[in-house]
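S.K.: Pasting the feature list from TrEMBL:
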- 12-31: transmembrane segment (TRANSMEM)
- 43-65: transmembrane segment (TRANSMEM)
- 86-111: transmembrane segment (TRANSMEM)
- 154-183: transmembrane segment (TRANSMEM)
- 239-263: transmembrane segment (TRANSMEM)
- 305-326: transmembrane segment (TRANSMEM)
- 338-359: transmembrane segment (TRANSMEM)
- 371-390: transmembrane segment (TRANSMEM)
- 396-416: transmembrane segment (TRANSMEM)
Amino acid sequence: MYTRILKGGAILLSSNIVASFLGFLVLAVVAKNISIDEFGVIGIIQSYTLTVAALLNFQTWQTIIKYYPRIKDDKDLIQSLLKFSFRLDLITAIIAFVFGIIFLEIIFRTINLPEMYKYCAQIHLLSILTKLNGTATGYLRVHDKYNLFFKSQFVAGFVKLILVLIVFWLDLGFVYIIIAFAFGEIVYDFTLNLFFYKVLKSDSLTGFLRKSTKLIKNKYKDIFEFSFYSNLISSFDTIIFQADIMIVSGFFGVSYAGCFKMIKVITGLINRMAGPVSITISPIISELIAENNLKELRSKLLKSFLFLALFFSAGYIIFIALDEFMVRIVFNEEYLKYIFYLDFAIFNLFVGLIFMGIHPAANFLGYHRQILYIIIVLSLIYLLLIFLFYESAGFEIIFIAQLVQISLVVISKLYLTNKKLNLIAFQKSRIIHS
């Protein structure tokens, strides 16, 4: 298991380093050539697109990862699963795009932005129509084809960087920055699906669209329920991780949205560095559960909590020492007054990353319905805290509410998984024995 995690993690880490470096270059060029308010508008537009996509465009990769290990020796069932997943990708992408266009007017009136930025948002929403990579992502992950994510991210990042440089060289204006960002997203989706098709061709599965979805639905009658609840869980998580820039702009204004965009750039970079472990561990957890090897799963989870706690504690100390240097290099002096908020956000991120293994474990153990209810309640608590205390606590309430939400999500999932894995009992027995 550890060899597989390290191998997949190493490939993804190299991918994320390159992709993050290219992304950093793009944002450094943009941030140094526009005002903090305009940088905030870019964040709002991206936040709106990502929120709409995450709310309505199903995260079908989770369905592939859960069910593929159970049917991997049956080609007919695999093709049926792929068609079921891809059809959800397509239908929900169209629904998300239509929904995004319809509600754009309401959102931009609420935030009170100029009409030009609404048209920029409409352009960026076009990238949702190519978000058909849930099936590709799931299938490539279960086959450890992490090098293909690297290639896709590199191509997309390079294209985006070239386009942004051309925009500023020719002084084309703000709308062309948005076009460059949207086109970069489209290139990534197209490239990843092209690699997916090549893998399917080598596996003799390119005819999956001709298979009936009844095969997989008859064998696993809960497959749509799992897909539905998994997506809703991701959707309500979106309130924290995607819609936050819109929330910030609504309560504190566009300048703070620019500040928060800066924070998200840096937290996003660090999150992508940690992402390989989370991505590679999900299929392995699914396999251990499919094999009913819960004792091994329990042991791996507890060890991961301890290791990650030590690793991220050291990482936080290093980050505190380098935060001002990082902001100066990538952005400019205007952003230095927001360093405290950046450090707070990194702390919240690390708290969640320490327990990254608990999220797929709770989901694949069958607690997706309970998790949905928990996420709904905690997301409402997050919004309520901001609404009640944004005047008295100021901008800090955003990060306080984040910490409360993240902590309660982790505690809730630990409680649920403890029912089957005895995580707490296992710890107690070790303490008594010692």
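Placement of Cβ uses the backbone N, Cα and C atoms for every residue, glycine included.
Note that the structure is predicted; figures quoted are calculated from it, not measured.
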S.K.: Which stretch from 43-65, 154-183, 305-326 shares the most C-beta pairs under 8 Å with the transmembrane segment (86-111)?
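M.R.: Comparing 43-65, 154-183, 305-326: 43-65 has the most Cβ pairs near the transmembrane segment (86-111).
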S.K.: Test the contact criterion for the transmembrane segment (371-390) and the transmembrane segment (305-326): 3 or more CB pairs under 8 Å, pairs 6 or more apart in sequence, then answer yes or no.
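M.R.: Contact criterion not met.
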S.K.: How about long-range neighbours of the transmembrane segment (338-359): same chain, 6 or more residues beyond its ends, C-beta under 8 Å?
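M.R.: For the transmembrane segment (338-359), the far contacts come to 259-260, 262-263, 266-267, 270-271, 274, 277-278, 281, 285, 300-301, 304-305, 308-309, 312-313, 315-316, 319-320, 323-324, 327, 395-396, 398-399, 402-403, 406-407, 409-410, 413-414, 417.
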S.K.: What residues in the same chain, six or more past the boundaries of the transmembrane segment (396-416), come closer than 8 Å to it by Cβ-Cβ distance?
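M.R.: For the transmembrane segment (396-416), the nonlocal Cβ contacts are 240, 244, 247-248, 260, 341, 344-345, 347-348, 351-352, 355, 358-359, 361-362, 365, 367, 370-371, 374-375, 378-379, 381-383, 385-386, 389-390, 423-424.
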